[in-house]
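Sharing the record's features from TrEMBL:
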{"type": "ACT_SITE", "residues": "His477", "note": "active site, proton donor"}
{"type": "BINDING", "residues": "His477, Asn478, Ser479, Thr480, His481, Asp518, Asp646, Gln698", "note": "AMP binding site"}
{"type": "BINDING", "residues": "His481, His517, Asp518, Asp646", "note": "Zn(2+) 1 binding site"}
{"type": "COMPBIAS", "residues": "270-281", "note": "compositional bias 'Basic and acidic residues'"}
{"type": "COMPBIAS", "residues": "283-294", "note": "compositional bias 'Polar residues'"}
{"type": "DOMAIN", "residues": "134-204", "note": "domain 'PAS'"}
{"type": "DOMAIN", "residues": "401-740", "note": "domain 'PDEase'"}
{"type": "REGION", "residues": "265-304", "note": "region 'Disordered'"}
Amino acid sequence: QVLLVFAEEDEQSNGFRWACDKAGFRCNIARTPQSALECFLDKHHDIIIIDHRHSRYFDAEALCRSIRTTKASENTVIICVVQRHPDREESSILPLISAGFTRRYVENSSRMACYNELIQLEFGQVQAQFKLRACNSLFTALEKSQEAIEITSEDHVIQYVNPAFETMMGYQIGELIEKELTEVPINEKKADFLDTINSCIKIGKEWQGMYYAKKKNGDSIQQNVKILPVIGQGGKIRHYVSISRLCNDNNKVEKTCECIQAESQTDTQTCRHKDTRKGSLDVRSTTSRGSDGISQRRRSSMARVHSMTIEAPITKVINIINAAQESSPMPVAEALDRALEILRTTELYSPQLGTKDEDPHTSDLVGGLMTDGLRRLSGNEYILSAKQTHQVAGSLSSPISLNDIPPRITQAMENEEQWDFDIFELEAATHKRPLVYLGLKIFARFGICEFLNCSESTLRSWLQVIEANYHSSNSYHNSTHSADVLHATAYFLSKERVKQTLDPIDEVAALIAATVHDVDHPGRTNSFLCNAGSELAILYNDTAVLESHHAALAFQLTTRDGKCNIFKNMERNEYRTLRQVIIDMVLATEMTKHFEHVNKFVNSINKPLAALEENGNNGDGESIKTVLRSPENRILIKRMLIKCADISNPCRPREQCIEWAGRISEEYFAQTDEERRQGLPVVMPVFDRNTCSIPKSQLSFIDYFIIDMFDAWDAFADLPNLMEHLNNNIKYWKGLDGRNLRVLRPPP
């Protein structure tokens, strides 16, 4: 709302009136100081514009002072319109400021000039006053709060304490205001403890723990403290919000001490945190002041929670680096600062694409495979097989025995222990049912039935149920892909280093996980399902949607019918262990955690093993065993194993690599087609069947996801044949790309 105070109507007042109409502001006009004051007290305008050009009508400065004496004017912007004197020297604005004006406006009756002035006021002073008005509400709440509240600047100067703080600590407000914390001996902790707290909070991390404070009379009080730094102007820490709960000997909370460290009024000084702060505003605590038993129990529980000192490994690392910075020369300290910035990110293992010209194939692959899609409310819903009837054992024809496999299929599986085994030959021989046959042979070779204590007929039924729930209509994610991943998994399990590492239960879990890892895959990415609002995306909260579905459905299909329940004779604890490993391996195939898994594998396994070799401990079996056999490292190895098996296509012989490239490209083309038909966000625009370069897409995928991962896996498992195929395939795709060919094969 705007109040115009002009004794007479003229072009200037009309200009402001027009500007108010154009800006959509409500406008009132007053001709006298009395009517202006009455109108303001009635309407509480946000902006008042007073004519100061003609003192013969009224004293503008006196009117401004009168308005400023009212409580309602505290957050009002008051503008003074002054005459333009081009021939006079510029006069000082201080008398106007002293009278209470916010700023002056040199007369200019241009309508757009008036309009521009109002818009600048709206987005400048008026918005600032709105924020201050909200702060008044907060300070009112703090003043009336039963909790003790202290506000200090970034320079440790106390600026405010509320009555509850005075009562609790025994100080009067006059004894604290404008005092530095060091002048008020309220902390009993030693310097090393304060350094521990400061090393945490000065890098923007919250700290929790027990804290002792000293009242004015010398009495000590124990508190459960939570200190939360808040970033302010300039990206620096300007506030420290601490929640302190006083405890008696029984660890029950008696009262809450809350302290908010307010932003300093000066921005030039750095944040120094050599003193501990107390307290802070806990909104939840203001809602639970009841004296009943439930409230007391809740407070006691909260006190125990706040007293916990939960420190993650990354926190310890950051604290060590901070401590090292204190005594380091400037170049080292600056380097450690950069390291800390990297450590503070939540995506520690995900590389960041540069800002220069990126390969669109790489960008689209990363966006399509490593994100959960664009969040979008849409009427389009992609209904998956969540409502379909999945194939179960009773609905399938009786499978044949391993001993009754037709000769052509037997011949196709003759070299299944070799890496160059041709899965597509088996696919053709089995009429697109390779999983049952290859599964029977591989599972027999690894003694799976003996481990699970199940019959071969149960295993056959299970394999057939799983294969029936792969979509043969998918060009890539079908049972042939599952059989291919199963073959790669079995091949990796036969490598000497892997056999040294894993137990029989790990081998069983790996083979089962490979078999089921993409069951009921719809031929669409997670990003597509999230964007389409599919039932599965809703069920799994847009997080690892497909991988969660594959794992859950695999166990549902297995346990719902005794005829195919390969787990039915297992001891309960062993089954739970096996189930946990299977789920973990299936979830590891989700690409959003790709770099996390690979980097952990390199840092926890590759590098320690390489260090042992460099130190001449290559023959030290115990040292190597310690690295390989720790539970944490075995998990990393199993994840890496199935990840490499899942996307090993570029490491296959050339013809197989080309076939898989064509199949995955067709599946992505189909997704792009459907996204455009349904009006969904196109996750991977580069996969347009009319314009896509398959060689470029393959090279991008290999460069971004494959090379580093298989370098690490080769260093661990010794896979020279795979790396040779990979190098040959890279040369093949580069040859096509160099000729600007977008197809799978060169023309005849």
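Even glycines carry a Cβ here, placed using N, Cα and C.
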Excluding His481, His517, Asp518, Asp646 themselves, which residues in that chain have a Cβ inside 8 Å of the centre of the Cβ atoms defining the Zn(2+) 1 site?
His477, Ser482, Val485, Ala514, His521, Thr589
For Asp518 (AMP binding site), what residues in its own chain, 6 or more apart in sequence, show a Cβ-Cβ distance under 8 Å?
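Listed in sequence order: Tyr470, His477, His481, Ser482, Val485, Leu546, His550, Thr589.
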To see if you understand the setup: which same-chain residues, six or more apart in sequence, place their Cβ under 8 Å from that of His517 (Zn(2+) 1 binding site)?
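When sequence neighbours closer than 6 are ignored, His517 (Zn(2+) 1 binding site) has Ser482, Val485, Glu547, His550, Met585, Val586, Thr589, Ile642, Asp646 within Cβ distance under 8 Å.
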Pick the one among the recorded positions His477, His481 whose Cβ has the fewest other Cβ atoms within 10 Å in this structure.
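Among the recorded positions His477, His481, the sparsest Cβ neighbourhood within 10 Å belongs to His477.
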Of Asn478, Ser479, Thr480, Gln698, the binding-site residues given in the record, which has the fewest other CB atoms within 10 A of its CB?
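Minimum Cβ neighbour count within 10 Å, taken over the binding-site residues Asn478, Ser479, Thr480, Gln698, occurs at Asn478.
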Just to confirm my parser: what is the rounded mean pLDDT across the domain 'PAS' (134-204)?
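PLDDT averaged over the stretch: 72.
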Near Asp646 (AMP binding site), how many other Cβ atoms are within 10 Å of its Cβ?
23
